[in-house]
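Down below is the structure, laid out as structure tokens.
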């Protein structure tokens, strides 16, 4: 009798939000603009420079698009909550935010899996590289990296939201699937089953990446050129993967211990680490580590500044 479909849900209020609300807003707005600027710059350079029209950079461009997609599922809503000092979200907007964040995270691991296959073919089977990774094949792999995650996130979102609820407060700064499940009065058996399936799938992707790295390391032992390629192109990929795995671990720690066992500030960090760190760090890793990308990014930046100064002089 006490269960219903909620129209509005309440979110966790940041600590001392009354005093530091504008500081929080400024910091998170800066982070969001930083994520957008870095990733848009990288996408534009890859699109504009014909020398970067290769499979590895096509997949990197896809990774940047996914980062923007995932960040846009969190930051606009959180910034509006800070600006209005109202930590209330509609049920449908909460469901949409959950879907965007989860689909972005699963898409990221599928993209990293595709990128590991690209590096495996490039280093271990260089003669077959252009025949195996044609433009059509790359487009198919990019489409699959988006279709596969949505095959999991759409049923998960439906199972979580087509339920009756007994509670209306989410003890987190944003909506996620497990937080919504905990609001329900009904059994979460099907949600748990789907969660295990998603975990097994994610571990299988990680297994594919590990297998490709075993072969890559074996190939690098016999060739100095392969070692050079590995450090230039595979090492950024490895750092991105480690960054994502550690972010997942932080998120899992929050879901397991986030209720009352640790301080609120640490809980907020654990919950936001998955949203904040990978979108900022991953593009920077590729910009700073891959020489071809670094040169084009900084070259375009310098050229734009020179053009702007010339326009100013003419004015």
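Cβ atoms here come from the backbone N, Cα and C positions, even for glycine.
Marked as domain 'G-protein coupled receptors family 1 profile' by TrEMBL: 38-286.
Residues or ranges marked as transmembrane segment by TrEMBL: 22-44 (among others).
Marked as transmembrane segment by TrEMBL: 56-79 (among others). Long-range contacts of the transmembrane segment (56-79) within its own chain (CB-CB distance under 8 A, at least 6 residues past either end) are made by residues 25, 28-29, 31-32, 35-36, 39-40, 42-43, 46-47, 89, 93, 96-97, 99-101, 104-105, 107-108, 111-112, 114-115, 118-119, 122, 138, 141-142, 145, 173-174, 233, 240, 275, 278-279, 282-283, 286, 293.
Remote same-chain partners of the transmembrane segment (99-117), defined as residues 6 or more beyond its termini with a Cβ less than 8 Å from a stretch Cβ, comprise 56, 59-60, 62-63, 66-67, 69-70, 72-74, 141-142, 144-146, 148-150, 152-154, 156-157, 174-177, 198, 202, 205-206, 208-209, 212-213, 237, 240-241, 244, 248, 274-275, 278. Here TrEMBL flags 99-117 (among others) as transmembrane segment.
Positions annotated as transmembrane segment by TrEMBL: 138-158 (among others).
Residues or ranges marked as transmembrane segment by TrEMBL: 193-214 (among others).
Look at TrEMBL and you will find 235-257 (among others) tagged as transmembrane segment.
For 269-288 (among others), the entry in TrEMBL reads transmembrane segment.
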Between the transmembrane segment (138-158) and the transmembrane segment (269-288), are there three or more CB pairs that fall under 8 A, provided the residues in each pair are separated by 6 or more in sequence?
no
Suppose you look only at the domain 'G-protein coupled receptors family 1 profile' (38-286); what would the mean pLDDT be?
81
